[in-house]
């Protein structure tokens, strides 16, 4: 199969993975309206083409939290990454490390902190949820610090799990889920051999290390359902600061007032995110939410963004809308499921090339030169007639 874009990796991953795993990462909440709008809204951001600008000295390098990044991209935290490729977190981290960008380990990773951190030279980031079990949170923070993690990504948009209908149909949950997953694995021998048999243990490494016993998929679903904490408030940041003195990024911001609160409570960064459309359907896409948030806090706090980013052009669009750096989630997981470390490395190379093309044709030599001036129009304003939805009676 020819791989020329992230969409090719998605198609390949769908063939490789058992349906319960593919749809778990590919799907969203409820009717998946926000999931679709994340991609569609970003694709409608029109860039301003410029010519004769002497683009011979192009640089994608940027700095974030005193770290130098080869390009303004980091790999987002993704749960169960090790179910998509053999020891998937280790492979993805290696690809990010080789590219010179951060890798973020999820709380609910298959590979524990202590397995991933020693395999890379660059300090990785660690993602944490607010959970009822504060003992686990403290333990995770202490272990992350001991392993040399540089930045904490604190996910706040999940006080309760979203309603994901696809999971019930695919076998991740629902009636006879375990039996359905077993037969799906049998029908996908490549995955069954590489990950199902040789990728063990399949427990949640960070949680198992704390509980002192293996924590498998069924335990994962139950443990998360029982431990998400709806009482989460901004005061939890003060508690976390007692155990974490490094950069802290608040992930899951969609409203300018919440962004201002993040500044007031001393966060170092925010991630403009709707959890990839996996939590509350019907909320704004990240691309639509980003400009107002940037207007409110740009310069006061680092602004990261995720949800809907599929290529280097999307990265440039997000930066033009106000982000300093973006996080990749689904895109890199499709590549990981298809070809492991090599797949993620190739995807990052593709994104780098796509960014260079976009920057060359918009006249931006450096990341700092990508701004609102790079846009023909911002989201939310009237579309040109050629792009506006057809009204009744119009014909294509």
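A Cβ is built for glycine as well, from the same backbone N, Cα and C atoms used for every other residue.
Annotation source Swiss-Prot lists active site, proton acceptor at 275. Long-range neighbours of residue 275 (active site, proton acceptor) (same chain, six or more residues apart, CB within less than 8 Å of its CB): 155, 157, 158, 162, 252, 307.
According to Swiss-Prot, the feature substrate binding site maps to 24, 129, 164, 278. All chains included, 22 other C-beta atoms sit within 10 angstroms of the C-beta of residue 164 (substrate binding site). In the three-state DSSP scheme, residue 164 (substrate binding site) falls into the coil class.
As annotated by Swiss-Prot, FMN binding site applies to 106, 127, 155, 251, 306-330. Contacts of residue 326 (FMN binding site) defined by a Cβ separation under 8 A and a same-chain sequence distance of 6+ are given as 72, 73, 74, 304, 305, 306, 309, 314, 315, 318, 319, in order along the sequence.
Marked as domain 'FMN hydroxy acid dehydrogenase' by Swiss-Prot: 1-380.
Look at residue 129 (substrate binding site): DSSP puts it in a strand. Within its own chain, residue 310 (FMN binding site) has 5, 6, 7, 39, 330, 331 as residues 6 or more apart in sequence whose C-beta sits under 8 angstroms from its own.
Of the recorded residues, residue 106 (FMN binding site) and residue 24 (substrate binding site) place their C-alpha atoms 16 Å from one another.
Counting every protein chain shown, the Cβ of residue 106 (FMN binding site) has 23 other Cβ atoms within 10 Å. Note: the CA-CA distance between residue 164 (substrate binding site) and residue 322 (FMN binding site) rounds to 30 Å. Taking CA atoms as the reference points, residue 24 (substrate binding site) and residue 322 (FMN binding site) are 30 Å apart. Each residue contributes its Cα atom, and for residue 322 (FMN binding site) and residue 129 (substrate binding site) these two points are 26 Å apart.
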